[in-house]
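Undergrad: What follows is a structure written as C-alpha cells; I'll ask about it next.
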Amino acid sequence: MGLDSGQPHVIGLVAHPRNPVAASVALIREFASARGATLIAPAADAARLGPDVGGVSAVEFAERATAVVSLGGDGTMLGAMRLVVGRGTPVLGVNHGNLGFLVEVSPAELPAALDRLTKGDFMLEPHSCLMADGAVAFNDLVVTGARQWATVNVDLSVHGIQHGYYRCDAVVACTPTGSTAYNYAAGGPVLSPSVPAVALTPVAPMTGIDRTVVFGSDDDMRLTNRSEEPARVLLDGVHTRDLAPSDGLGVRLHKEAVNLVRFDAAAHAQKTRVKLSLLDLPLRPDQLLELVPEELRERAQRLRSR
C-alpha cells in the first residue's frame, strides 16, 4: 500500500543527534504537506527538526506512525526499529552516516524513494530481534564480566531444562543479522537472514560449553549468572543492566519484529555480499571483481586497453 492510499498518514522521523539532516527533512516536509500527512518525532528529536514536527513520547510514536524515516546511519536505524517493534510499520533508512547495511538510500536518492513510497513500489524486508525480558536487541546480546578481565560463569537452560554451563570471557547471543559481528569474531557461524535462529557462542571458553549452539525461534532460553559477582548485559553494544549473582535473563527470538523498506532486492543482496567479503570469506579473483561497481570496472577496462 502506498502513501496515496486515501487513509491519513503519520510519518515518524528519527534523526541522528549531530549529523546535518535539514535538507532531507525539508524534502519530507514538502512530501507530507502535499499529501496531508502529519510529521512526528521522539520529543528529543522534534525541537531541532522544525515547529511542524510534533514531539511525542516513544509510546505515542509507536502507536501513531504509519511509516518511519530514519535519518542517520545504522545506529540511528536501530533506534528507529526499536521504537516500532511488533507494529509492522515500514521503516525507510536514509544514510546520513557512514557505510550502512540497514539503511536503504542516500540523501540524493530520497526524492525518488518518496515517490516510490507514494506508489507502493517497494518491498518489505522483515527483521527478527532478540527479546530479553522486554528489552530488544537486533544484533546481539552479550553477558560479560562487570570488571575488566573478569570471566563469567553462566548456566544455560531451555524451556526450564538445564543444558549446561559456560565459563568464559563472555557469552554472545545473536540474530542472523548480528551473526557477522561479535559472534563471528568469537568463532561463531554466519547465519543466513532466512533462518529464524539464535546462535549462542562463548568467547574464550575455559570449561563447560566450548562451541556455538544454535536454537530456533520457539526456544525459550535462560542465562543465569553463577558467578560470585555481578555480570553486565549489553544489547547491541549498549550496557543496559547488570545480572546479580543467581539472577537470570530470559532470551527469545522475535520473528518479523520490524519491516524495512527495500526498493531493489538484488542491490541489497549485493551489499550483503560485500559485507560478507569483508569477513574474509574466500572468493576467487573473478568473484571479487563482481563486487566492484560496473562503472569502475568499465573505467579500469578502458585504462587497460590504452
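Glycine is treated like the rest: Cβ placed from N, Cα and C.
Just so you know, TrEMBL annotations never went through curation; they're auto-generated.
Note that this is a predicted model, so its numbers are computed, not measured.
Feature list, courtesy of TrEMBL:
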- Asp74: active site, proton acceptor (ACT_SITE)
- Asp74, Gly75, Asn139, Asp140, Arg167, Asp169, Ala204: NAD(+) binding site (BINDING)
Undergrad: Let me spell it out: for each of the recorded positions (Asp74, Asp140, Asp169), count the other Cβ atoms within 10 Å of that residue's Cβ, using every protein chain shown. Which one has the most?
TA: Asp140
Undergrad: How many Å separate the two farthest-apart Cα atoms among the NAD(+)-binding residues Asp74, Gly75, Asn139, Asp140, Arg167, Asp169, Ala204?
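TA: Greatest Cα-Cα span of the listed binding residues: 32 Å.
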Undergrad: Near Gly75 (NAD(+) binding site), which residues of its chain come within a Cβ-Cβ distance under 8 Å, counting only those 6 or more away in sequence?
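TA: Non-local contacts for Gly75 (NAD(+) binding site): His16, Gly97.
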Undergrad: Least buried of the binding-site residues Arg167, Ala204, going by other Cβ atoms within 10 Å?
TA: Ala204
Undergrad: Are there any residues in the same chain, six or more apart in sequence, whose C-beta is under 8 angstroms from the C-beta of Asn139 (NAD(+) binding site), and if so which?
TA: Leu78, Cys174, Thr175, Thr177, Gly178, Ala181, Asp236, Gly237
Undergrad: Taking just the CA atoms, what is the gap between Ala204 (NAD(+) binding site) and the residue listed as 'active site, proton acceptor' in Å?
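TA: The residue listed as 'active site, proton acceptor' has its Cα 28 Å from the Cα of Ala204 (NAD(+) binding site).
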Undergrad: In whole Å, how far is the residue listed as 'active site, proton acceptor' from Asp140 (NAD(+) binding site) when you measure between their Cα atoms?
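TA: Each residue's Cα considered, Asp140 (NAD(+) binding site) and the residue listed as 'active site, proton acceptor' end up 14 Å apart.
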Undergrad: Provide, as an integer number of angstrom, the distance between the C-alpha atoms of Asp169 (NAD(+) binding site) and the residue listed as 'active site, proton acceptor'.
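TA: Distance (Cα to Cα, whole Å): 27 Å.
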Undergrad: Where does Asp140 (NAD(+) binding site) sit by DSSP, helix, strand or coil?
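TA: For Asp140 (NAD(+) binding site) - judged by DSSP and reduced to three states - the answer is strand.
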Undergrad: Reduce the DSSP letter at Asp169 (NAD(+) binding site) to three states and note it down.
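TA: Coil, per DSSP.
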Undergrad: Round to the nearest Å and give the CA-to-CA distance linking the residue listed as 'active site, proton acceptor' with Arg167 (NAD(+) binding site).
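TA: About 32 Å separates the two Cα atoms.
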